[in-house]
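Attaching a single structure in structure tokens format; questions to follow.
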């Protein structure tokens with residue numbers, strides 16, 4: 001994993017450690033679609049570090065321009081509307097990195113991901129983290145933290161969930177959890193096989209690998 | 001051949017004796033046309049830039065738009081202006097002539113040396129005029145494929161073009177997927193819209209309403225339907241711009257006067273500009289060619305050839321695509337490009353798509369738009385890497 005981390009642009013490794021984690025979950029040489037790929041940091045990591053046929057969808061023009069200028073196959077599009085155009089099983093992995101909470105219909109997006117990819121990898125900020133809970137419980141205000149820095153009236157994140165909420169959604173759509181990793185506030189993987197409620201309290205970010213149930 | 005003087009003299013010279021490379025396809029190599037006719041003999045006039053590598057793997061075909069021609073990156077022999085895509089093509093440019101062998105051919109039906117309605121007809125004396133068969137985008141591409149065969153090139157590294165050129169790029173990718181390594185269709189559509197057909201019809205009617213069109217036989221009768229062709233160009237030119245760009249450039253400014261003249265003189269700068277566009281166009285273009293080429297665009301509907309399913313046009317294509325549209329292009333709006341992107345996704349193709357923010361309208365693909373160059377450069381460089389072509393030389 002260390003070699004992947006070294007490929008991130010300087011200064012990015014601390015903030016987007018989840019990208020390194022996600023990239024490490026992808027089989028080398030596979031076909032990947034990154035939904036909400038931003039400036040293409042993960043796609044580059046996958047292309048250069050994992051020899052992956054990496055494609056992306058990004059909603060912002062500046063993000064797409066940057067990706068295409070770097071030679072990545074990225075289209076300008078919207079996770080909520082454009083996933084429907086992809087055929088079944090088009091990819092080995094469909095990745096939604098820190099974007100689920102910004103979609104209008106997370107359930108539909110997740111269902112499409114599982115349809116067009118053999119695996120879906122979803123990373124999201126855990127709204128059940130103790131700092132978030134404390135902020136709301138004792139501050140009485142919508143949480144603004146290091147990882148969630150935008151005020152409620154400006155945030156693009158309209159569908160926050162906790163790790164437990166997400167597991168409910170996975171069950172509701174009948175998917176199977178292949179692997180879960182939670183990262184603590186320091187960006188470190190939580191090491192021990194702890195019960196869900198502990199992850200839900202101390203995990204700041206979560207990464208799920210899902211598949212369809214056979 | 002006095003009747004050829006019916007076209008502007010410099011342009012007439014280019015019909016008969018183009019300032020270009022020329023390949024003639026004799027009776028043994030006819031061009032089979034969609035209308036059922038076959039064109040034979042026929043000529044293709046083309047330009048090349050850069051060197052073909054030993055593996056014949058670095059060829060880039062540029063497809064020109066409605067009123068473009070093969071003079072993509074050299075001074076135009078009639079107008080003396082720079083090539084129409086010198087912003088994109090040349091040494092060190094996104095399509096780098098130090099790395100790639102760039103080919104651009106005048107389309108069938110054109111008037112810059114490739115056989116078209118102004119060329120001599122079957123009797124080798126009279127011009128074809130309206131006896132020239134109606135050609136399609138697919139016919140243009142078939143003819144280009146014959147040229148590429150003639151040049152001994154199997155696979156094109158890239159096929160690129162905007163507008164009608166983009167239609168040809170799409171047709172290339174559909175007709176000859178194994179011969180197109182990468183494709184860059186810009187500001188285009190997989191079918192011509194009703195609105196666009198309507199604008200073309202206005203242009204054609206303007207030409208045909210000019211008494212000097214003479215039922216299409218103006219060349220024989222030594223006339224020139226200048227007025228009609230100029231009006232067609234003026235109307236079309238408006239569709240290539242955008243309202244904000246027109247306002248920015250001209251607004252309601254008056255042309256070299258302080259007050260309206262209370263006449264139908266060109267009081268406004270925009271009127272004067274359009275009149276100039278019309279006047280200069282008729283110096284280099286043939287009216288019948290304009291009829292045929294607009295018709296070819298009108299007939300273009302790529303999905304129609306594949307049971308109405310555009311994705312089938314691209315099958316299991318391995319071509320890498322880069323699509324570009326412009327926010328203020330209302331002639332070929334982003335929705336048209338998006339429809340192609342959806343079809344390419346459905347066929348599992350490798351596709352990039354950028355909508356570039358600009359107020360320059362449809363013409364943006366010909367203008368100095370840095371995002372277009374950055375996108376093209378990134379796409380071309382990564383495709384070249386995938387094709388195993390050497391990287392750009394350090395400046």
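For all residues, glycine too, the Cβ spot is worked out from N, Cα and C.
Here's the feature list from TrEMBL:
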- B:58-367: domain 'AB hydrolase-1' (DOMAIN)
- B:163: active site, nucleophile (ACT_SITE)
- B:233, B:363: substrate binding site (BINDING)
- B:329: active site (ACT_SITE)
- B:362: active site (ACT_SITE)
Rounded to a whole number, how many Å is the Cα of residue B:163 (active site, nucleophile) away from the Cα of residue B:362 (active site)?
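Cα of residue B:163 (active site, nucleophile) to Cα of residue B:362 (active site) measures 8 Å after rounding.
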Within a 10 Å radius of its Cβ, which of these recorded positions (B:329, B:363) has the fewest neighbouring Cβ atoms?
B:363
Tell me whether residue B:233 (substrate binding site) sits in a helix, a strand or coil according to DSSP.
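Residue B:233 (substrate binding site) sits in a helix per DSSP.
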Measuring Cα to Cα, how many Å separate residue B:362 (active site) from residue B:329 (active site)?
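That comes out at 4 Å between the alpha carbons.
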Per-residue pLDDT averaged over the domain 'AB hydrolase-1' (B:58-367) comes to what?
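Summing pLDDT over the domain 'AB hydrolase-1' (B:58-367) and dividing by its length gives 96.
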List the residues of the same chain that sit at least 6 positions away from residue B:233 (substrate binding site) in sequence and have their Cβ under 8 Å from its Cβ, in sequence order, or write 'none'.
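For residue B:233 (substrate binding site), the qualifying residues are B:67, B:203, B:277, B:278, B:281, B:282, B:285.
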